[in-house]
Amino acid sequence: MGSKPYRNKLFPPVEELVSYTASSFPKRLVKPFFFTVGFTGCAFGSAAIWQYESLKSKVQSYFGDVHADWMDKFRPQKQGNLRKQVNKWWNSLSEGQRTVTGIIAANIFVFCLWKIPAMQRIMSTYFTSTPACRIICAPLLLSSFSHFSAWHLALNMYVLWTFSSSSVSFWGQEQFMAVYLSAGVFSSFVSYVSKMVTGRFDPSLGASGAIMTVLAAVCTKMPEVQLAIVFLPMFTFTAGNALKAVIAMDTAGLVLGWRLFDHAAHLGGALFGVQEYRPWTGAKPSKPIKTKQGFIIPEDHFVQETSYRADFKI
């Protein structure tokens, strides 16, 4: 059994934690490793299918929208000022903000479950990640939607909302969801490895690991963008320097054994985000190759298609 339970306002109280010897270290991480690899592959595969179907649906509905606009002139208008205000607010959001709205709603829902006394045991089992528990695979994902403290939830969701527009603009909605979910699982697995190495099995929860991936990707893509701290808006700094400072702080916390945050999960998320937009400098321009000129089909042999559907056959 572990030592005296560690109390932290960010994490729920845990009465007992099982410690493992060095010999059980590889065996305990086998299932989480395969779960992380399998989930990441399924997430990006599903995102590719989703992206294809979304593009196909947009092409097919191109002419349907024209017909719908014509029919709206004869259709009675919807009643209700509240509904109109909600639709107006929703349409004013960017694509990234609309994407993360569902993620924020899921985090708020899980936070409310923590406040139900009858759910405490289930939440501690499935929504906190530690290799010292019996269930070790599902919490890799579920813990990234779990917050025990209100200000921890508010801070994480604020950062996610702030960087949502930039990240979705160069990832796309489908790839953003794949990256975000995979980052949550990957950062939790890095936390597992750190806890097995250090022997500290404190439970972890929160979306910080996945959000660090979004933050690191944006800072790597746009290192010269000026950022500021929400409580100190008068001090500005570049995104590149902010990423370096965050990584340095989490590295120091991991080495010195700080227990305020899960610094290993933060570093895992940052590494995942940097790799997503790591600039490729090893490519070299290919040398021109001399080839013999082949037969050129005359232009008048091509079929000139004039149908308005011709542009949508690719």
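The backbone N, Cα and C atoms fix where each Cβ goes, and this holds for glycine too.
Listed in TrEMBL:
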DOMAIN    140-274  domain 'Peptidase S54 rhomboid'
TRANSMEM  33-52  transmembrane segment
TRANSMEM  96-114  transmembrane segment
TRANSMEM  135-155  transmembrane segment
TRANSMEM  175-193  transmembrane segment
TRANSMEM  229-249  transmembrane segment
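Same-chain residues lying 6+ beyond the ends of the transmembrane segment (175-193) with a Cβ under 8 Å from its Cβ atoms: 29, 32-33, 35-36, 39-40, 43-44, 46-47, 51, 96, 99, 103, 129-131, 136, 139-141, 143-145, 167-168, 204, 207-210, 212-214, 217, 262, 264-269, 271-273, 276. Of the candidate ranges 33-52, 96-114, 229-249, 96-114 has the most C-beta pairs within less than 8 angstroms of the transmembrane segment (135-155). Mapped onto DSSP classes, the domain 'Peptidase S54 rhomboid' (140-274) shows 98 helix, 12 strand, 25 coil. On the 0 to 100 pLDDT scale, the model's mean across the domain 'Peptidase S54 rhomboid' (140-274) is 88.
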